[in-house]
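The structure appears right after this line, and notes come after that.
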Amino acid sequence: MVENIGSGSAELVSYAKLNLYLDVLGKRSDGYHEIVGLFQTISLHDTLTVEICDRGFYLESSVALPSDNTIKRAWEMFRKNTGKEFGLKVTLKKKIPVGSGLGGGSSNAAAVLRYLGEVFKIPLEDLLNIAAQVGSDVPFFLYGGTALVRGRGEIVEKLEDIEGYSVDLFFPGIHSSTKEMYLSLTPEMYRKGPGRVEELHRAYLERDYEKIRKLSYNVFEKVFLEKHPEVMDGLRNFGDGSIVKMMTGSGSAFFALYPLDKGNYSFVGGV
């Protein structure tokens, strides 16, 4: 979502995501892992104020970010792929925890790419190509809502948006490294999920809670809890009465799924 706020600035909303399903199918020859997942945006969001300038990149953030952050990479890859020469000023108000598996960095990058695409009239197909160069989850965030995601994350099939659900989140304050979590996987862990992602999507649409519980899966959850057994204490008191409780992404956040309005954050539709 883009809102013009005057003086050449625009305010962007950057939503978090959940992995309602996430499995790793194997390791590819290029070093990436082949995944399959059901992704869903939720109402937890960061806010970015952006302004195009003559030259340079300027970022003011409410939390510390690395110098090679995803917002800067989005700006660099956009310029490289389009040949457009311009600078960018960004103010980021962060609400999505860093290292939580909620996709905040990828969502920030996608919000900037979507805005630049509107300004410079770049087609979505070209933006998707740029997004894949910025990060594996970035293409999904150009769509948002509900999607089946494959490949290393760059193959996105938009699905009918799931509505009528909400979640509570548990963040144990641990920064979970995506790279380390993938390195912790062994071939025996691949393809262990039910694999019926389309069926899980239908179960959400049909409010089949029993099937949702049966088909939900995250390959990283067991690995994460083995690395951080202390998290179990907090999880015992989290998500009472929920439909399902599970980890998102490569951690460290967990979500508890409820019917609409019972959780703090609602499912958000896509573009």
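Note that Cβ sites are derived from N, Cα and C of the backbone, with glycine treated the same way.
Bear in mind that the values here come from a model prediction, so they are computed numbers and not experimental data.
Swiss-Prot annotations:
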- Lys17: active site (ACT_SITE)
- Asp137: active site (ACT_SITE)
- Pro97, Val98, Gly99, Ser100, Gly101, Leu102, Gly103, Gly104, Gly105, Ser106, Ser107: ATP binding site (BINDING)
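Distance between Cα atoms for Asp137 (active site) and Pro97 (ATP binding site): 16 Å, as a whole number. Each of Ala16, Ile96, Gly249 belongs to the same chain as Pro97, Val98, Gly99, Ser100, Gly101, Leu102, Gly103, Gly104, Gly105, Ser106, Ser107, is absent from that list, and has a C-beta within 8 angstroms of the C-beta centroid marking the ATP site. For Gly101 (ATP binding site), applying a Cβ distance below 8 Å and a minimum sequence separation of six or more within one chain yields Asn19, Ser176, Phe220, Met247, Thr248, Gly249, Ser250, Gly251, Ser252, Ala253. A sphere of 10 angstroms centred on the C-beta of Asp137 (active site) encloses 28 other C-beta atoms. Annotation for Lys17 (active site): spatial neighbours Phe39, Gln40, Thr41, Ile42, Leu102, Gly103, Ser107, Asp137, Phe140, Phe141, Thr248, Gly249, criterion Cβ-Cβ under 8 Å with sequence separation of six or more. In the three-state DSSP assignment, the secondary structure recorded for Lys17 (active site) is strand. Of all the binding-site residues listed (Pro97, Gly99, Gly103), Gly103 sits in the most crowded Cβ setting, with the most other Cβ atoms within 10 Å.
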